[in-house]
Amino acid sequence: MGRLFGTDGVRGLANGSLSPELALRVSGAAAQVLGRGKTRALALVGRDPRASGEMLEAAVTAGLTAAGVNVLSVGVLPTPAVAYLTGLYDACLGVMISASHNPMPDNGIKIFAAGGHKLDDAVEDRIEALVAADDPVRPTGAGIGRVLNASGARDHGLHIPDQYSVEGTHERYVEHLVEATGRDLSGLTVVVDCANGAAAEVGPAAYREAGATVIAINAEPDGLNINDGCGSTHLDQVRRAVVEHGADLGLAHDGDADRCLAVAADGSVVDGDAILAVLAIAMKESGELAQDTLVATVMSNLGLHLAMRAAGIAVRTTAVGDRYVLEELRAGGYTLGGEQSGHVVFPKYGTTGDGVLTGLKLMARMAQTGRSLADLAGVLTTVPQVLVNVPVSDKAAVAAAPDVREAVADAERELGDSGRILLRPSGTEQLVRVMVEATDPVKAEQLAADLAKLVASL
């Protein structure tokens, strides 16, 4: 068995590589590691609406309860909501069943530790070791975990706030988002593409509660249509809708709503780098940007670094994945970080990327300044970037192949100071990602094509 955990949990083809049996073993191992030594341990379980979620939730619940941990299901909610509620309800772990932006046939298991924090590598290694050993601890009798509702959880001595019920988790999360926004959004009209995913209910509700006029699209999940030509990886629909409705902006989420990309009134795309630039400058002005520092990943465009330098903001760089962004935020005491893909983390309000909160904060900046999104995003001039995703059978071996490393070194020498190259295995899919940035867009296209051709040949 290869490594189970990727950049963001365990993912695979539902009922294929991600089988119910594997889901049971992973959740049982997680319960042993994260629930060890805790009496009346509680796990929260949520999911996105893809069809396989119900099957995998049943398997995860079986694994957790078989390990002696009680389970509280919060139903279909965004990943950041599950993380937030894990902390709010004082659970020893939370589980989100989702493959995020991946196609519907895939699914995944994201695990949060107490407080809603993502797992570090050492904890993942301990869970993987238990899965590989396949010798689970199995209590009997009263030691078996129970599947609880809110009142039942309180009857078992678990910490579920009296004013909240499982049925009210959506409302509580929306309240949390609106409180964090801190500004009335009346007068702004937004098109929200919910990707037929976990944001379909809470996304439009939060934007409306904050005062905005909301036009929701792709907000009718049926289990099969999640991410199907919509959401943050397919922006054509939201771009058209913004122009057709004369909206001030559009916001696009992915299947589990932990990311957000934006569209200006003219239909132009505002990516995660531009969103980070706008929010970092806003927080610097308000004194909320700790140490005048933004945390970004190696995938962020060179243009972000140049824009932040001009604004007097330092940039700390991490590996790809919002878990690594969060680790750097916590280690340095910083207050804003994120990725070009639209994961933005506000550690004051949550422990993972939150797409809906990102959209609310972006709109709050528009309301505060009275400026259009295109005007605000103009602070960043993107250096031409080409990203090619190359399907391969063994992503780690191909990315580390001597021929590939030599070709990358040659291309870097050719670019000199006028660009950069990043070639890495995807953390979530069987792909090698080839990214080339260069002030000469023709040069960027050619180098990316040459490297992608080499990768595909191996």
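Positions of Cβ are set from backbone N, Cα and C atoms, glycine also.
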*Same Mg(2+) site as D254, D256, D258 according to Swiss-Prot: which of S100, S418, S426?*
S100
*Those binding-site residues listed as D254, D256, and which of them has the most Cβ atoms within 10 Å of its own Cβ*: D256
*So for D258 (Mg(2+) binding site), how many other CB atoms are inside 10 Å of its CB?*
35
*In the chain carrying S100 (phosphoserine), residues 6 or more apart in sequence that have Cβ under 8 angstroms from it*: D8, T79, G108, D254, G255, D256, D258, R259, T428
